[in-house]
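One structure is given here, and the rest of the page talks about it.
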């Protein structure tokens, strides 16, 4: 993937203001919606089974986040994935807690069997868990991204998808190429739902028509370059979270291209 | 409506600290509760069918927001509206996504058939959708408030209610008079749930004993004048959202009266 | 309780980064998760019946908050309490609205019958309601902490627990000793979910191995000393809420020990 592909994805996203249908968790919902708005996309947070299929079919991208699943929202997720697949809408899976929590692990695999997402995003433990290994403790990761890239690549190949593993250095792979992005602040780990917002931004970029690897990289670069800038004046996680939204809105594709660090 | 009626509604709300029963969506719930607290009201976020009727009957105002309805919360909404009507408590309907999403459109109409709300608040597409026209895309509006005021007036007359249409210039009507308020910042459109918080503030003002048109105007003026002031020092939507709550708390009825712009 | 016990609880919590399983309400979930992260703990917000028991058993502490209960989350709460009791994991009950709202009052008592929590946290009206008296209006308290300490002590003795009553002066009792802590800002009452975050912090401190009275005091001291410092530069509740998270992260056990005020 060239840096140009990433810049293209961001620029195209900004111009098209994609409608991103989010089925996400109750902790991350406000930050995810605000991150999408700040980045220039438009969130639709419809998570009931009656309306999820039509919303997904009408949206430009769909995000499925398994943070706080309930029977009714899981049913809505099934509908949304079906609607996205029918309409050719790219969808992103964020399998929070996969590998640790059996019920949602099954749900994640069931959704993957419906058809391939454009991107699977998680931390190292979740990716390992989804690939069949042992997961983490809670939502934190006890593995590093670089240590699970064999499993990530196999997962990417099995489902024909891009797997994005968050970590100190973010690792993204389509099963062949590995993209490593090294921006971001430790403060991101102190903001609940920052990873979930990242999944939402990837979905927004996946709507741009750029390939999924470029979209995953573009979303990652947006959040982490904004985080670099937000961390500069922050006193702690509260002021950082507000500044992160400010910086997402201020970020130009040119700034992004100049500040993103591949490693 | 005289400006004095609007000032009266704000002053009476501040003095009585009304209990506002909110059945709202998972994205907007934190901001709505915080906006009510900042403005001097007291939120009660009870959205289960067991307790909604009694809570609505005991509250000073009820807000029904259809952002992320589920079977159980919709049942709670039915109970809350029934409880509000029994007790003579004013209620406000925010029909997010009406006209676009069939299930919630039916729910909105079903609630309206139970009895009239004091205020219906939405963007132009939602008001058009509720009045029987074609709605918007997601939760954004693709119509302007000024273009749907005939439909808004018919809706107001049909249900004996006030219809408040948010837009660059906010338009409010009781079916006869149209009030136009021109404060507010574009940053409001980048804060998820700002419109939902507006519905909550209208409900708080409707509890004041002022008429519903004055209450809708008072809620609108509070949010948009606070937004004008918050936008001054804001770097983007994150710092703006925090400043918006600060300014809601700092706002005096006198400042409001001096800065509100009718057009 | 000695001040040293409180400092020990904070220091031990910081070192062990406890996993706190929160079953809480949709308004307070983001702030509670962020407060835990800022304070150095790790939140797991799993509130479905399929996964709640195993999560509670694997966690270091469990928080049950009755702010917006639904059938499915209440079932998850039963599972979580059972899992916590089986595993010897301390759990904290925050009975929002108890005494005012009959359904959740029954749920609270049913959970208490499963086995004793380490701590029950509420405002004066909720504690009175849970002890069998008349509750409050909405989620606000119309009683003062100091006026309900007889009932609090009886409740503590009945269930072999610590009862923490929030107020202008926070009162905590294990049925024998009463600890009074006098930090905190009126701005805390203007931030929705601040009390819920306090319950989460108490749960984090209860995981430290300190006794429950010290844990309740440590959680209270953390939130209220951070609030004192956050209030200094705040313009209103929005900037205060961000600063509160900053200060929670900045707070050292030494600062806490130096600034906590017992009365």
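For all residues, glycine too, the Cβ spot is worked out from N, Cα and C.
All annotation found in TrEMBL is predicted automatically rather than curated by experts.
Listed in sequence order, C:25, C:27, C:28, C:29, C:30, C:31, C:32 are the same-chain residues at least 6 apart in sequence whose CB falls under 8 Å from the CB of residue C:193 (substrate binding site). Per TrEMBL, substrate binding site is recorded for C:45, C:193.
Mapped onto three states, the DSSP output places residue C:166 (ATP binding site) in strand. The ATP binding site annotation in TrEMBL covers C:121, C:166.
Taking a C-beta cut-off of under 8 angstroms and a sequence separation of 6 or more, residue C:45 (substrate binding site) has the following same-chain neighbours: C:22, C:23, C:24, C:29, C:33. A distance below 8 A between C-beta atoms marks C:45 as the binding-site residues from C:45, C:121, C:193 lying next to chain A. Using a Cβ-Cβ cut-off of under 8 Å to chain B, none of the binding-site residues C:45, C:121, C:166 qualifies.
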